[in-house]
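A quick write-up on the structure given underneath.
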Amino acid sequence: MTKYIFVTGGVVSSLGKGITAASLGRLLKNRGLSVTIQKFDPYINVDPGTMSPYQHGEVFVTQDGAETDLDLGHYERFIDINLNKYSNITTGKVYSSVIRKERRGDYLGGTVQVIPHITNEIKDQVFRAGEATGADVVITEIGGTVGDIESLPFLEAIRQIKSDVGRDSVMYVHCTLVPYIKAAGEMKTKPTQHSVKELRSLGIQPDAIVLRTEMAISKDMKEKIALFCDIDDKSVIEMRDADTLYQVPIALQEEKLDQITCNHFGLDCPEADMEEWKGLVNKVRNLSKTTHIGLVGKYVELPDAYLSVVESLKHAGYDYDTDVKIHWINSELLSEEQIKEELSKVDGVLVPGGFGDRGIDGKIEAIRYARENNIPFFGICLGMQLASVEFARNVVGLSQAHSAEINPHTPHPVIDLLPEQKDIEDLGGTLRLGAYPCKLVDGTKAKEAYDGADVIEERHRHRYEFNNVYRDQMAEKGFVFSGTSPDGRLVETIEVKDHPWFVACQFHPEFTSRPTRAQSLFKGFIGASVDYRKG
């Protein structure tokens, strides 16, 4: 029978609930259990697809094309699984589903209420996550903080699930903060006590409490928390700040959270073999070289907007014993002199995905500088589109070439709308989303990066595409179309001939990178950047 773990948070946000949930998932997977994981977000947006990166950070795209919370990236990277559309549920999505059912008459004229209709819909989403994957364990993170009005329907739903499936099949893990008061020279447990009291007032008794802390927590303090929160002191778990995220699963194993979980469910599972993971942590802590990458974007004040890109660069660095240092370069503020000054300091240039016209000229000029000065360049999604525009302008001679997204009246729309996108009016959920195959061309850097694979599969999130009207004209000047859709219609990867490493792709390879298995194009890019640094 499927087991359900619910991870809640108290006191403050950004405690690391997502990392805790992902780490526990990794430990249980390494014990031989199949695991899936999901996140409930209490905001009323249907999904984060149309939200500003300043508000929400990056949008993580799943294999089946769902636009989701960035925590799903942590889940996939830690547990090494592919998630799906059931893995991120928002209040907006729940209410949309219930309202559609009401309009269809599914409720037979009854009054539609938060309880039972909204809570039943939430419970259905939990159960679907398990049914879709056949997982032994479903881990659900509840976004927000206990006490928030927005989270109440979710907390009520997970309270009810204990009655639906039996108390032996449900476990509640509560994450809280134990602050250190510098003036008093001591840590305080009161916030944790009050947070658990609030949770218990909603009918949920935590089975384990994870304490986020800067310093070691004494046995006496654990016993005090256990006493006031009515929990076994062995189930009070210390989670100290770590120098790398990938240390957290090891720390939680040392605190025996996975064993406590197995005991709670009555599961007899072998000890989790974490030797490979410990090797990863040891490697991360002892990198001997440094490579500098210039990331040119418009959301550089908020690194979470490019979280998966940053993690993928780091993963690739691990394979080269290299610590990747990122230089955040704001494309809106780049003058010609600044481009030379900033990019002369780096070993590689990356232009990631994005939307809109802000900062476009700075990105195009950065791409030109990388191309003309033989600096390794990697473009992703918008980065590929702008690399095409730059080449069309400065090599082919189409000085007014542009993307139709940025300038709908350009005489040379090198980048244009996909035909199926031309009559779409809604922004949300209407992009080309999810995993699609790409056929690679022999003798190209893209095919070399993928170890000679003929066809690869990567995730997409875009509305515009390379305009095939310009394909022959650009190919004649050394623009290489190294990957296309299997039917040859859509351009997926491009390169520049006779450049040490100038590769760009329409898809988002950052979504498939793993800490123990770097994504192929990122690995190729960092390898080229390491070589560039050597001179």
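Glycine residues also receive a Cβ, built from the backbone N, Cα and C atoms like all the rest.
In the record from Swiss-Prot, residues ASP148, ILE149, GLU150, LYS188, THR189, LYS190, PRO191, THR192, GLN193, LYS224 bind CTP; the candidate from SER13, SER14, SER388 listed for the same site is SER13. Of the residues ASP64, ASP69, ASP71, Swiss-Prot puts just one in the ATP site with SER14, LEU15, GLY16, LYS17, GLY18, ILE19, ARG240, ASP241, ALA242: ASP71. The record from Swiss-Prot ties TYR54, GLY354, LEU382, GLY383, MET384, GLN385, ARG463 to L-glutamine, and of the options GLU76, GLU332, GLU405 it ties GLU405 to that site too.
The shortest Cα-Cα distance between ILE149 (CTP binding site) and any of the recorded positions SER14, GLY18, GLU510 is the one to SER14. Separation of the C-alpha atoms of ASP71 (ATP binding site) and LYS188 (CTP binding site): 28 Å, rounded to the nearest whole number.
SER14 (ATP binding site) sits 29 Å from CYS381 (active site, nucleophile), taking the Cα positions as reference. Here the C-alpha separation of HIS508 (active site) and GLY18 (ATP binding site) works out to 22 Å.
Mapped onto three states, the DSSP output places SER13 (CTP binding site) in coil.
Take the recorded positions ASP71, ASP241, GLU510: by the count of other Cβ atoms within 10 Å of each Cβ, the lowest one is ASP241. In the shown protein chains, 8 other C-beta atoms lie within 10 A of the C-beta of ILE149 (CTP binding site).
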